[in-house]
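Annotated features in TrEMBL:
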- 1-21: signal peptide (SIGNAL)
- 79-159: domain 'Cadherin' (DOMAIN)
- 160-268: domain 'Cadherin' (DOMAIN)
- 269-383: domain 'Cadherin' (DOMAIN)
- 384-488: domain 'Cadherin' (DOMAIN)
- 488-605: domain 'Cadherin' (DOMAIN)
- 605-636: transmembrane segment (TRANSMEM)
């Protein structure tokens, strides 16, 4: 290897001599003559002489990836100034100097210290110096040289991706492009075939092929079906050296997916389906699902179901479940087992997105038959109508039949039915129904003006199966009859001016009627027969349900008559004719020249004509204040007169209220003189109340003395009658006493006041012999410990 390197150096070696220093630093391979240059030095002004020199080296080349045992010899640097005595020293600087490239400073031999890689760096620029060891000066100017790295095929082709993914529609033709793969080689493309790549397919035949120069993958078989196989894995190889033996190679994997196209029509797995439904199923009830299979996917597998024919196309419907692509059979109308028990449907399944390229494969739809059997169930009664409207006059008699509802059992058994009224809709129980035939009749009187409509509900129930029942609304309209008389529309405040002229309109009246005749209201107005020719007012019927009140004379006087009462008769035009009399109150008022009312009070005539309204209000306020003062003074005076005689704070009677006090018996003579009752001929004297001072002394009417043998009870009755008939009898007469106890009691006195005078305990056992009325007293006083208790 050393000999090979040395021969290479000798082959490319040449002599370099000293060149004239110029800015461009050009180099030449020819011997240059020595030139003498004279110049003035800045230091000493001595003349300078350029000496002759000569470099001797190679334009060096190295092979990359050297694997020999020794370092790789690059070349040799040499100058003519080198006499071989070791006085010169060679120095190398630049790219990789000292690390990649080392130089023998004595001989100028250059070696590569490490293995080089052209793909990392293909060119190195270095600079060489020759220095005198003694003086330290350069004997030759610094010169630049290049070391180039020769390429060898040490890099295999590499794809831009480790794995490729591609897709292509199924049923594509031969040669359809799928994807292009690309591989690169890091070797030098300008040096040999190290970077020339050729593509080939290792796996994926015979389905796909690859262009050897471009790497474009294409289909190799026609009509590949996704339904048969969807995924393909293709392995592509890229080999350098033009694909020759010894070239390096790299591989990549391409995953190819066949995408779906609508090339398959839907197909039912069976030709006939069977379902059943109870006849009570409401519309919209699902009965079952059917599905046509389509091997396509996505929108290519979307199916629309429809009923194309059959005797049940109007009774049933089919809808498509977009999630499962199933057809759902539903009830469209109410079913009736008694009318039809079996239906047949022809159902069609169609692709919603057909592909025109594959229509030649056949129709993209399929049909199947669906049979639906109706099951019988016990149904509730069915009314002949969805609702009933009944009209009845409001004067219909109680018990009158106003209409009939009819229901029947739709089942084959035809069970008997009974009718009833839902009382929640007829709380007042105005209507009732015959349970056997459904006839409605009136139970209470009707009044259209109170309730013109009645909405009730009738229930029909099977007798054998009360759970089966149905309801129907019945609307009852009360027809009007003329049973109300017209009357004034409102209360009219009518006045006539004192200065009114004859024939003047003072009021327009109208009427209302609670009835509603079919031809509308029509009212007539006239005066009552007694006032047919009224000397003061007249009435004019306006023929529009209003009437005008007119004056019949000039001038009216409040002093003579302040108010007039005008009775008016109001008729209607319905049958039977109804009428009423309304009285119109007309006040006579003072008016200005324009007819505006100023005052209607008769008392205003007594006041001076010159007083203003403010003066009248002031006078009225003064009168009210005086009246209030008089009332307050009278009340205070009466309060002072009615003060009680006993005002002591220590009087215990202030806290004792006694009702029905009979006194202390016959020995108590302080309350009143009972002898008066014993002596009917006693002189009648004026007895005054002791606790209140009389305000006015009335003259007491004296009565004739009674007979000596008159009874006390009869005496009290006579006195009671006299006091009732005497309007001047004072209310404080103490002799007006009506508490008569009758004859003496066999029990003698029951007063407890005498018990204090006796010594020892008294015996009250005799109270038990007096009967049940004295049982309470016997229990209180009969026991031994009654006193302690």
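Placement of Cβ uses the backbone N, Cα and C atoms for every residue, glycine included.
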On the DSSP side of things, how many residues of the domain 'Cadherin' (269-383) fall into helix, strand and coil, could you say?
10 helix, 56 strand, 49 coil
Take every residue in the domain 'Cadherin' (384-488), average their pLDDT values, and give the whole-number result.
92
Could you give me the DSSP helix, strand and coil counts for the domain 'Cadherin' (488-605)?
7 helix, 55 strand, 56 coil
Write out how many residues of the domain 'Cadherin' (160-268) are helix, how many strand and how many coil, based on DSSP.
3 helix, 47 strand, 59 coil
Take the domain 'Cadherin' (79-159) and count its residues per DSSP category (helix H/G/I, strand E/B, coil), listing them in that order.
0 helix, 41 strand, 40 coil
